[in-house]
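Chemist: Annotations per TrEMBL:
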{"type": "REGION", "residues": "115-145", "note": "region 'Disordered'"}
{"type": "COMPBIAS", "residues": "130-145", "note": "compositional bias 'Acidic residues'"}
{"type": "TRANSMEM", "residues": "234-254", "note": "transmembrane segment"}
{"type": "TRANSMEM", "residues": "297-316", "note": "transmembrane segment"}
{"type": "TRANSMEM", "residues": "362-381", "note": "transmembrane segment"}
{"type": "TRANSMEM", "residues": "388-415", "note": "transmembrane segment"}
{"type": "TRANSMEM", "residues": "421-443", "note": "transmembrane segment"}
{"type": "TRANSMEM", "residues": "464-488", "note": "transmembrane segment"}
{"type": "TRANSMEM", "residues": "494-518", "note": "transmembrane segment"}
Amino acid sequence: MVLKIFFPQCCNRADSGLLVGRWIAGHDSAVVLAVIHYPFIPGQVKQYIQQMQAQSGVELSVLGSWSLPKEGQEGMESFLRDLSTIFPQERWLQISRQMGKMGFTCEILNRGQNGKAAQRRVKKEKKEEEVDSGEAEKDEEEEDEEKVIFVHYEQRKVMLSQLHPIESGDPDLKTDPPSELRQVFQTVALSQPLFFLDKYDDGPLKSTHWQSEGREASIIVELLKQASVPLCLLLSWMLSMWTWLCSIRIFSLYPLRFLSTKLSTCVQLSYRTEHMRTLSSPKAAAGHTQFMRKANMLVSVLVDVALGVLLMWWLYRDEHIAMLANTLVPAADHVAKELEQLLQWLMGAPAGLKMNRALDQVLGRFFLYHIHLWISYIHLMSPFIEGILWYGGLSACLGLTFALSLLSDMVALFTFHIYCFYVYGARLYCLKIYGLSSLWRLFRGKKWNVLRQRVDSCSYDLDQLFIGTLLFTVLLFLLPTTALYYLVFTLLRLVVVLFQGVLHLSVDFINSFPLFAIGLRVFRPYRLAEGVKFRVLCDEPGVALHLLMERAFDGRVVQPMEEAA
């Protein structure tokens, strides 16, 4: 038989006392959770364990005693051994350690049905002299001897980590009993009330566990949790008011509803509203995945707001908004002049191409007229541009994503004439392509059947073929001029779309970047580990095997501990 004892590393140098933990049902193993220091009153220890068991729901008990001899504590081991009569257990672990040595000495007191106690001892060092005995006695002793494996673990990491249940749809996998390691992790995670007792607290009992040296940080975390409750209620009330305001009938009309789906600022506002509604929910996360999702949302919102405040501080410092307003109108004039020169080039002989002069002049003058209208509109709005930028900069307090979304909408507004040119060129080009395809079917004696959505054969008379040939020739020779204008304005539109695409990618990157998960991977990697691995600490002949349990990051899990032994 192999007895596995999961021992917390924080208790390696604890003062002598009692071991509090749990025996794993169905497995020959025990989990040590804390060490209660001497002196103590056994009745108070029993009452305290009952209270912790009622709060945590874990079957806690006194597993045995822990002895770390110090000066003036002679006879402590015999006193702790006598405590086994006060705390009746089927097994009583008496673990001791000598200062300066790594290994432990474990003595197991087993109570059989006949009431006799058999003592078995596993020591770290071999005995220097062995008593000569018969082979039969040696075989009997080896059969009765119970091997002990100490598995050292970091209590805080195990408590914050967890082995997640299987999420597959196979019912056989869900109905299987939990494994030994899963029960160990659940035992440590559910025993948080046991860790609230600090060895510096005024009370009848002193204990050692992972929280004994740093209680102040836990108090701050608890205060933050208590303060977050009224904050979540306030956010929920504000979101309910905002939802009621958005549900007014006037906002559901077609023009406003259409604009809300096209403006990037409105889309980002609705996206952030959903985020805040999820974060302000007073319900705890149902699972690890939902917890990570909410944590990533919270961190992304905080980082977004911090970047937005930094941008707003830069905008309102040293009159940068006035500088941007004074630069915007000359930049619009420069773009307009460049477009005029481009149209003048298209109205001539671009790249040596022979264009249809009549159509070229009509299209060129049509687009030049739109450019002049747009420049007049920009100069008319120039006195208000600084005010628009000043009030628009205030949106950065909601986050950098709002500022980028507003910038995308402003770019779409100031390049609206380029969008109009693209739409005009695309419509004209599509009409000519559609006419040429229809007339080409006429030459082949075909037509498009609208009802059956297919091409059928058709007979045409001489007049229809003549008119079709004439129209096909006209459209074919006008196509290069139309295609050139369509190509140029498509490229201009593509430049604007690429710039807006960079802004939208930046917004999506800030909204969905898992910054919290990356922070955990860097500073708390055990929270995102993929498995458990064991490292041998002490493996000498005749000495109890000491293993260190660690979290694995490559998905590999070592063999069972029985095979490792």
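Backbone N, Cα and C define each Cβ position, glycine as well.
Where the annotation comes from TrEMBL, it is an automatic prediction and has not been curated.
What you see is a predicted model, and the numbers here were worked out from it, not measured in a lab.
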Chemist: Would you kindly check 297-316, 388-415, 464-488, 494-518 and say which stretch has the most C-beta pairs under 8 angstroms to the transmembrane segment (421-443)?
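Modeler: Highest pair count goes to 464-488.
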Chemist: So which residues does the transmembrane segment (362-381) touch in its own chain, when a touch means Cβ under 8 Å and the partner is 6 or more beyond its ends?
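Modeler: Same-chain contacts beyond the ends: 329, 332-333, 336, 339-340, 343-344, 346-347, 414, 416-417, 420-421, 424, 481-482, 485.
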Chemist: Near the transmembrane segment (494-518), which residues from the same chain, at least 6 beyond its ends, have a CB less than 8 A from one of its CBs?
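Modeler: Hits for the transmembrane segment (494-518): 264, 268, 271, 275, 292, 295-296, 298-300, 303-304, 307, 399-401, 404-405, 407-408, 411-412, 415, 418-419, 528.
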Chemist: Residue list, the transmembrane segment (297-316) vs rest of chain: Cβ under 8 Å, 6 or more residues beyond ends.
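Modeler: Contacts with the transmembrane segment (297-316): 272, 275-276, 278-279, 393-394, 396-403, 510-513, 515-516, 519.
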